[in-house]
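Undergrad: Pasting a structure below so you can have a look.
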Amino acid sequence: MEPAPAGQKEGGSRFRASEHQHARYNPLRDDWVLVSAHRVKRPWQGQLEKPPPEDVPRWDPKNPLCPGATRANGEVNPQYEGTFVFPNDFPALQPDAPEPDDSDHPLFRAAPARGVCKVMCFHPWSDLTLPLMSLAEIRTVIDAWAELATDLGASYPWVQVWASSFLPNEARLEDRTQREHLSQHGVPMLLEYAEQEARRKERLVVENADWLVVVPYWATWPYQTLLLPRRHVCRLQDLREGERDSLASIMKRLLIKYDNLFEVSFPYSMGWHGAPTGPHLEEDCRHWQLHAHYYPPLLRSATVRKFMVGYEMLAQAQRDLTPEQAAERLRSLPEVHYKEGDKEM
């Protein structure tokens, strides 16, 4: 009896990632995601969201982030004309919080948690989001991120817009997995991953000389992306001038595609992960590679979101659309914003 061809079982059915359920390993988080591509065909009878309004005013006195507006604590914003950073009025972390008492049992442990929280307004206009900003304006945002990372990173181990006296769960996990990968394979994990994705191209969304954006092989959210430098870079503040300019360009291209997908201002959570700072600045952090995660919740349309519910909360992450299908959809979209298309004609 002849053996079945690779990817084909004895019963004759051939595995196709776009049709058959399978699990994919996420080496960055050391866990697995269930891919159930066949579920895309099911009719949607779940919750529908209201799409975001399109008629956002340029300046709104009720918006506490606008120039000249009064915030809830009575502070009045300056008449800022560019990127504006200020302390969060209701921070999750404060620098002078007292330490918790010692635990009397190993099942009831507490630890000190101190830090600062900042708010960053990218632009003074409420109706202007990053994909509609100029490259120079986006570059200003990048420089502000890098300045925060440098200033707060002088003393705090972890900096995003929040700076903490400890490494959060995701940071500790990525530190461990990247350290193990470098030890076992002799190359930083995400540097090797970027080189592989640049060669394979099936999950590539956009790229330029310094950066690439992919829907990661292990993506959980439908149109989740990973932004990676081609050069080995540990921290945002280590980027060269040219890399910051090309970062502004690739961010704009990605975010235009996001908005064009459902012709809506695309919601997402985004953040940078880089080597720890503060006391870790003098340590060997070669295992780290700078990267940004984009986690958008929209699934099928501007009104259909993915929720982490039953199976995801009680077992493991699961997705319907394959990362390859998601990347192909994003890749095929135009790089002129749908709101500006008529201006180009």
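Heads up, the Cβ atoms here are built off N, Cα and C, so glycines get one too.
Take a look at what TrEMBL says about it:
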REGION    1-22  region 'Disordered'
COMPBIAS  11-22  compositional bias 'Basic and acidic residues'
DOMAIN    15-161  domain 'Galactose-1-phosphate uridyl transferase N-terminal'
BINDING   Glu174, His273, His291, His293  Fe cation binding site
DOMAIN    175-340  domain 'Galactose-1-phosphate uridyl transferase C-terminal'
Undergrad: Would you list the DSSP helix, strand and coil counts for the residues of the domain 'Galactose-1-phosphate uridyl transferase N-terminal' (15-161)?
TA: 27 helix, 25 strand, 95 coil
Undergrad: With the cut-off set at 10 Å between Cβ atoms, which of these binding-site residues ends up with the most neighbours? Options: His273, His291, His293.
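TA: When each Cβ's neighbours within 10 Å are tallied, His273 tops the list.
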Undergrad: Just counting, how many other CB atoms are there within 10 A of the CB of Glu174 (Fe cation binding site)?
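TA: Looking across every protein chain shown, the total is 24.
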Undergrad: For Fe cation, what surrounds Glu174, His273, His291, His293 with a Cβ no more than 8 Å from their Cβ centroid?
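TA: Close Cβ neighbours, site residues excluded: Leu28, Glu170, Leu190, Leu226, Gly271, Trp272, Gly274, Ala292.
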